[in-house]
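As recorded in Swiss-Prot:
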{"type": "TOPO_DOM", "residues": "1-7", "note": "topological domain 'Cytoplasmic'"}
{"type": "TRANSMEM", "residues": "8-28", "note": "transmembrane segment"}
{"type": "TOPO_DOM", "residues": "29-149", "note": "topological domain 'Periplasmic'"}
{"type": "BINDING", "residues": "123, 127", "note": "heme binding site"}
């Protein structure tokens, strides 16, 4: 092979290897990407059904109920405008309480219930996840606007 052909072969091989690496990285990133939705967005059908996402807001007062097996829980997450029912099987974080901030990760089913795989509670008295705080503010503004009309 001539030096020019060797150089072109090396360049072609390098570009091919780089393309494969980029495709693998993007594929891994896509499979681990989890979006956040507020209860209002979920109620408006903006969240995907059957795909994993996070929902955040406040645990609705009086909504926490344990099933007979002791590990399955039913509760509702609200952003003060909409309420989404959640089912979770597992051990809840110690700071999980009604009326407090929470983020749940899981999938929305066709029956309108969010089946959580993971539940995250706030970690101190004043903390609320930024996404959940923003969703609560937007819901409050929307509620004020609808009342004013």
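Cβ coordinates come from backbone N, Cα and C, glycine included.
Beyond the transmembrane segment (8-28), the same-chain residues lying 6 or more positions past its ends with a Cβ under 8 Å from any Cβ of the stretch are 1. Remote same-chain partners of the topological domain 'Cytoplasmic' (1-7), defined as residues 6 or more beyond its termini with a Cβ less than 8 Å from a stretch Cβ, are none. DSSP states for the topological domain 'Cytoplasmic' (1-7), grouped as helix (H, G, I), strand (E, B) and coil, give 5 helix, 0 strand, 2 coil. The topological domain 'Periplasmic' (29-149): residue composition by secondary structure is 28 helix, 44 strand, 49 coil, according to DSSP.
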